[in-house]
Each structure stands twice: as structure tokens, then as C-alpha cells.
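Q: Sharing a structure with you now.
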Amino acid sequence: MVAVQENEINKAAEPRFLTGSRNHAVLIIHGFTGYPGEFYELAEELNSEGYTVSLPLLPGHGRNVEAFRKTNWRDWLNHVEAEYEALDAKYGKVSIVGLSMGGVLTLLLSSRFSPDRIALLAPAMAIKDNIFYLTPFLRFFLKKTSKDWKPEEGDSEDVRRLGVEYWSTNYINQIASLRKLQIMAGKRLNKVQAPALIMVSETDDTVPLKAASIIAKGLKGRENRTIQLTNSPHVLVSGPEKEYVKREVIKWIKGETHNE
């Protein structure tokens, strides 16, 4: 396997910007150790509906572990704030889609700015692994732990390379940064005004179903909809229900909020 230079972006993780015909842009934010390639299909389908789509790569992601370990929550939050502000300056409406940590970042953006609509996919406002909650303390004693990761059948060489760099090891300091973002977002939920679509899955091995109720309760009855999937992995846009997920996200962004 060819080594990746620290500043070299993996081909599967290249950011994308798709210009549309509407005066409405959509910012899509990938998750912790995730990458933009997970959202290429959704980005293209939103763009085919006329939306301008910005799909950035979070700092330290999509390269290698050396780059990742130089970043923290400030870098990730500052990056998406800058992306949002750039879109907001040019387009009449901006909506946000976020997966996992991207969902947490979406909530933080929505507590400060005024997006038109937001879609939260497996938002990491709760985590199944209880060790996660100890990482703000563990980081002083432990830098990393091994993780049981194996490539999936059909993974490209680029995705396998990302797996070796990001998914085979837990980096405690960076996980503690995710916990920091989670706490910040929890304190600011009552400031979120945008209508929110919340999607969670019964078979997600990372984010429990209660993440949806935590968010819905914090939003205090503002316009929102929760969809509970039955057969999707953590990356909802990559599982067997991905077509339904994409369809519901697009309907939500378009303002088609009626239930089927």
C-alpha cells in the first residue's frame, strides 16, 4: 500500500462544490474520521434539483493520522463556520446536512446563524460506547487505542487507505474534542430555530436512538421530524436504506414536510 503524504488528500475525500440554478445552497458536513466521498451521491442529487452544494473536507481528515492528530474541535468548527458564512454571503438561503459529528457541527452552526432547514443524520449527541465520555480525562494518560476494523467487500483502494489511517485506531485527544463539541451543542440547542429533520437507525452501532429524543426535546417543539430507520449502519447514506434517506433529505430541504 502506497504511503500518503501528510498534505495529500485521498481521492475519496476530495471536497466538492457543485453550482446550481437556485438561490439556495446546501452545506454538507461529514462525520468524525469521515470523508466527503460518503456524500457524493446525495450532493449530485441535490445539485440535480438546482441546489448549489458545498461538501468540504474537515481539517485533518481525508489525509493521514499525522494531519489528523494536529487538529481539534476548534479547527473543525472554525472551518464549517467559514464555509457557512461564504455561502450565506452569496445565496439567499442556506440549508445544512450533517452526519454524526457533522450533525453536532450543524447544531452549533444553527445556534449562531439562521439556516433555512437542517437535516441531522445519526447526529452524535449521544454515543453508545461509554468510554467515549471518559476521553476528556483519559487523554492525559492515553494517546491511542487499537480498534477492530476490517475493510468491507467492495471498498476501493482509496477507502481502504483511509481505513488504515483513521478507522484502525482510536485517537483519544481527537475523540475528546468530539465530546467537547457535543457538550457545547447540548447547551445551545434552545437557540436553534431552523426546522430540523432527525434521522437515526436501530442498527447504528455508534449513535443510539436516544440521540434523536435529546435533540427533539432541546428544540422544544419547533418544527421538526424524526425518522427511525430499521436497517441502516452509522453512515446512513451508505446503507441498504440509502435511497430512502436521500429522498427524505431532499424533500426536507425542498420544504416538503408532509408525512407519507
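Numbers run from 1 along the shown chain.
Keep in mind that glycine also has a Cβ here, set from the backbone N, Cα and C atoms.
So TrEMBL lists these for the protein:
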type: ACT_SITE; residues: S100; note: active site, nucleophile
type: ACT_SITE; residues: D204; note: active site, charge relay system
type: ACT_SITE; residues: H234; note: active site, charge relay system
type: BINDING; residues: F32, M101; note: substrate binding site
type: DOMAIN; residues: 23-227; note: domain 'Serine aminopeptidase S33'
Q: Three states by DSSP: which one describes S100 (active site, nucleophile)?
A: coil
Q: About how far apart, in whole Å, are the alpha carbons (Cα) of M101 (substrate binding site) and H234 (active site, charge relay system)?
A: 11
Q: What does the structure give for the C-alpha distance between H234 (active site, charge relay system) and F32 (substrate binding site)? Integer Å is fine.
A: 12
Q: Can you give the mean pLDDT for the domain 'Serine aminopeptidase S33' (23-227), rounded to a whole number?
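A: Over the domain 'Serine aminopeptidase S33' (23-227), the predicted model scores a mean pLDDT of 96.
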Q: Run through the Cβ atoms and count how many others sit within 10 Å of the one on S100 (active site, nucleophile).
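A: I get 28 for this one.
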Q: Distance check, please: Cα of S100 (active site, nucleophile) against Cα of F32 (substrate binding site), rounded to an integer number of angstrom.
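A: Cα to Cα, S100 (active site, nucleophile) and F32 (substrate binding site) are separated by 7 Å.
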